[in-house]
């Protein structure tokens, strides 16, 4: 028994728990941080000359992309200087108009009349009669009455304001011609709604094609083209040849330029304002009956067209008279020279002495 006891190991060194000191010795030593490199005096001087800053730059956006450069802000002194320069020499803006009137070029660059925006103009008030028809037989009877009135006139030319209305949809585009309005006398306007009309009455076709009738309006040629597309019994070309576009006529008589709308032409010639409500202009012109706002809108369009025609006719007569008197007094050569200069005869003709 003792023999066996002496041979058995009392304590194994392998089973001994190592001391804490042994574990501490086996731990991986921490890596010491590198000391921040200090710039030498020469490097600091180079950075100062280069304008570098030691402040870390903040980047925005994705990593790897350079940060957007910040815009340089002007100092108050620089801003004041720029404002003063702009006030002294304002930037020239290119006009959106295609042409410039000869009147504006002749009068030291002053704006042409069609560009002048009046402060306040009185709105047009139409107090005449409005004759409104929707059925084919009624339209035919009314057109025949106007035709007989035209034939009784002693003048060789009878001006007639002409305009059209139709519905418009942004999905389907323009609809069929729905309304024709005419005016031969400022005291009465005729409105023909074509919704129930499959074919234009012969009396109405005869009226607009009558040799004594001079149809006029703004952008009137396109109206005739559309009318001919919607109603094959109408031929556009004869109507286009004899019609008068009030905008083009105004450019000839008043020596202006550019394209005109009825609203601007009314401001310039009649010195009136038009209530061009988008709600009425884009309304359902094909729906019977038309309401009071639609009837007044349609009547005013042709009424003011007749007023503008009469005024342009008067101005043209005055201009022709002044030009003839100038030719008799100064000769054709002086007249051509004045036309070349672009002077307006209505205001300059009596100031020229040769």
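Using N, Cα and C of the backbone, Cβ positions are placed for all residues, glycine too.
Just so it is clear, the model here is predicted, and its values are computed rather than measured.
Here's what Swiss-Prot has on this protein:
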- 1-120: region 'Disordered' (REGION)
- 13-50: compositional bias 'Basic and acidic residues' (COMPBIAS)
- 59-70: compositional bias 'Basic residues' (COMPBIAS)
- 71-91: compositional bias 'Basic and acidic residues' (COMPBIAS)
- 104: phosphoserine (MOD_RES)
- 110: phosphoserine (MOD_RES)
- 112: phosphoserine (MOD_RES)
- 149-314: domain '3'-5' exonuclease' (DOMAIN)
- 163: Mg(2+) 2 binding site (BINDING)
- 163, 165, 301: Mg(2+) 1 binding site (BINDING)
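Swiss-Prot feature annotations superimposed on the structure.
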residue	record	Cβ within 10 Å
163	Mg(2+) 2 binding site	25
165	Mg(2+) 1 binding site	24
301	Mg(2+) 1 binding site	26
As a whole number of Å, the Cα atom of residue 163 (Mg(2+) 2 binding site) is distant from the Cα atom of residue 301 (Mg(2+) 1 binding site) by 7
Residue 163 (Mg(2+) 2 binding site) -> DSSP, reduced to three states, gives strand
Could you name the residues, excluding 163, 165, 301, of the same chain that surround the Mg(2+) 1 site, i.e. Cβ within 8 Å of the Cβ centre of those residues, in sequence order? 164, 179, 181, 297, 298, 302
On average, what pLDDT score does this prediction assign to the domain '3'-5' exonuclease' (149-314)? 96
